[in-house]
Amino acid sequence: MEQTYEYAWIIPFIPLPVPMLIGAGLILFPTATKRFRRMWAFQSVLLLSIVMIFSIYLSIQQINSSSVYQYVWSWIINNDFSLDFGYLIDPLTSIMSILITTVGIMVLIYSDNYMAHDQGYLRFFAYMSFFSTSMLGLVTSSNLIQIYIFWELVGLCSYLLIGFWFTRPVAANACQKAFVTNRVGDFGLLLGILGFYWITGSFEFRDLFEIFNNLIYNNELNFLFVTLCAVLLFAGAVAKSAQFPLHVWLPDAMEGPTPISALIHAATMVAAGIFLVARLLPLFRVIPYIMYLISVIGIITVLLGATLALAQKDIKRGLAYSTMSQLGYMMLALGMGSYRSALFHLITHAYSKALLFLGSGSIIHSMETIVGYSPAKSQNMGLMGGLRKHVPITKITFLLGTLSLCGIPPLACFWSKDEILNDSWLYSPIFAIIAWATAGLTAFYMFRIYLLTFEGHLNAHFQNYGGKQKIPFYSISLWGKNGVKKNSCLLTMNNNESTYFLSKTKYPIAKNGRKMTRPFMTIAHFKHKAVSSYPYESDNTMLFPIFVLGLFTLFVGAIGIPFNQEGVNLDILSKWLAPSINLLHPKSNNSLDWNEFLKDAVVSVSIAYFGIFIASFLYKPIYSSLKNLEFINSFVKKGPKRILWDKILNGIYDWSYNRAYIDAFYTRFFVGGIRGLAEFTHFVDRRVIDGMTNGVGVISFIVGEGIKYIGGGRISSYLFLYLAYVSVFLLVYYLLF
């Protein structure tokens, strides 16, 4: 076993040859490299599979022996300063390694078909392999310096992939937004690392924890400074994991290819922040108020992400806000000290969210056969509907991921989310109420996405729904709008422009809607030889990863079922995390009262089903029959209550669709303020500083011309004037000084 750990340092470097060879091939043999470009997908999958097998083997050994291995070698030694590098293999490392490799392999297989016709195919796989290397290096790091180096590399790969289609201004802007937002957190992380080095004199995790605990025990620290350093460290995790208030980059990151959205949201960039807090939890838990701050940020993000997902029309943005909310649950669990629950939810959410994103990619891929290549149209749920008939396999797997995220047993996320919800009651009743209410919102917005996408009829085939004015099909839904105002930062709804859900207006459906052969939309800038009337199921190379992730979603929750009775122990996760849990909670007891568990499970599942029921009631395919509208309208009549209800709905819509006005606030005050300062600085530089410099030159020129005119071109006159000026200056100096 010791020999196996000795070779674990190679884990981050196994996928590295792919980007290096692709780069060398494009420089030395560009034609051959591009011609045989599909072989790089096989090599990427092969190398990452080797890492996966190695990680699984290490994990099995850790489960059986509860061991932790660390190897360190000194790189720089100078008097009292030494910089060490090494690797740490513990349960957290092995869990993250398996997550990165399993999800990464599925995404790579999926991407081979998804990106097959993209000119940046080679560039994409080079970035992806380097992304895997960076993330594996991050999770195996044994000190804060290595963490920071690989932290920045993970960010670099994320920016490259978010802005992969950099010729599109929207993608370029999203890349810049992610970069600038994460700069704030990364700067805080760097300051926090330097602060704790100044306090303890070490970057190594083991030494750092031990020295810091001794200083705390002996009361030799300035707690205000220590708390500030801890907050700065936490700021890095806030930005990376899209926690409030540095969450604004996450929905815009959907401008990248869909496979990278799956990887970022499941096992890499956003998981890095959760990993950092989990790694530093022995440090945070002994600092006053920092754990409470982590839980507060987590619960705010839980609720904010759920409310912002309610009105999204873009399927990927809806899933992005869902990720934000679920990451908030993990951060809340870490803030409460529920280490096991947080990592359990990290595992289950990773597979469920990867399944949902790859499923959305399959949906987008199929919609492009109708609307052409246009992300604004192919990702718009208002143009979808009825896809269950055309993409049945994608529909089944997407439903599995949706039910899992809703917390429906026995799917994966039910077990992990239920633990967090139960622990929240012991920590704070207020936090518990918010967390449980958000569980219902999660079920609502996830089933909203599912119903708008798969149920009803294909909305892209309908052009008019009553009246002379053409309105989008999705405007009939609860969160609909008549259209998008261009060049407007904020969008609002009022009684004149909104189309209410509970109205007596009938919306006739085109009789020939399902027999149309002409596409609903065409793109002038994109050439396509033929466009299909209906979407079709994706190829097997895209369906295979979705199917495998569906199996993970079904069964991965079993590793954390807290069943330990009569000598039968099914709780693999607790055995796996035993060294870390014993470090944090030496006298912890993982036994569970099953009566209490079943009681809480019934409540949480009931809340989830209530959210599903509301979503089904509001978003079921009512357009196939007007009887549903008549049934609803029989309960609601026009009047003051109806007007008030509509205003409330419109207010909720405006809040959600405009991202809680946080982006607008940042744009107006931060971006506008910085631009105003830049313009003022430019004015001072050009008008004042340059004016002074140019003014001296102009005055010198005028004086010179004057002397030239008075002197008449004679050298004797110039000498006389020069001596006169010198005499005047000497006289003034003598009189004054």
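For all residues, glycine too, the Cβ spot is worked out from N, Cα and C.
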Checklist entry - Pick from 62-82, 125-145: which range has transmembrane segment per Swiss-Prot? => result 125-145
Checklist entry - Given pairs 6 or more apart, does the transmembrane segment (354-374) have at least three Cβ pairs under 8 Å with the transmembrane segment (89-109)? => result yes
Checklist entry - Hey, which bits of the same chain come close to the transmembrane segment (286-306), Cβ under 8 Å, at least six residues off its ends? => result 212-213, 216, 223, 226-227, 230-231, 234, 238, 242-244, 247, 277, 321-337, 427-428, 431, 434-435, 437-438, 441-442, 445, 660
Next on the checklist: So if I exclude everything within five residues of the ends of the transmembrane segment (602-622), which remaining residues of that chain have a CB under 8 angstroms from its CBs? That is, six or more out.
Outcome noted: 385-386, 406-409, 414, 417-418, 421, 436-437, 439-448, 451-452, 455-457, 476-478, 501, 628-629
Next on the checklist: Are there residues at least six beyond either end of the transmembrane segment (147-167) with Cβ under 8 Å to its Cβ atoms? List them, or say none.
Outcome noted: 12, 120, 123-124, 127-128, 130-131, 133-135, 137-138, 141, 174-176, 178-179, 182, 186, 189-190, 193, 236, 240, 252-253, 255-257, 260, 264, 268-269, 272, 276, 279
Item to check | Ranked first among 219-239, 327-347, 396-416, 425-445 for CB pairs under 8 angstroms with the transmembrane segment (89-109) | outcome: 327-347
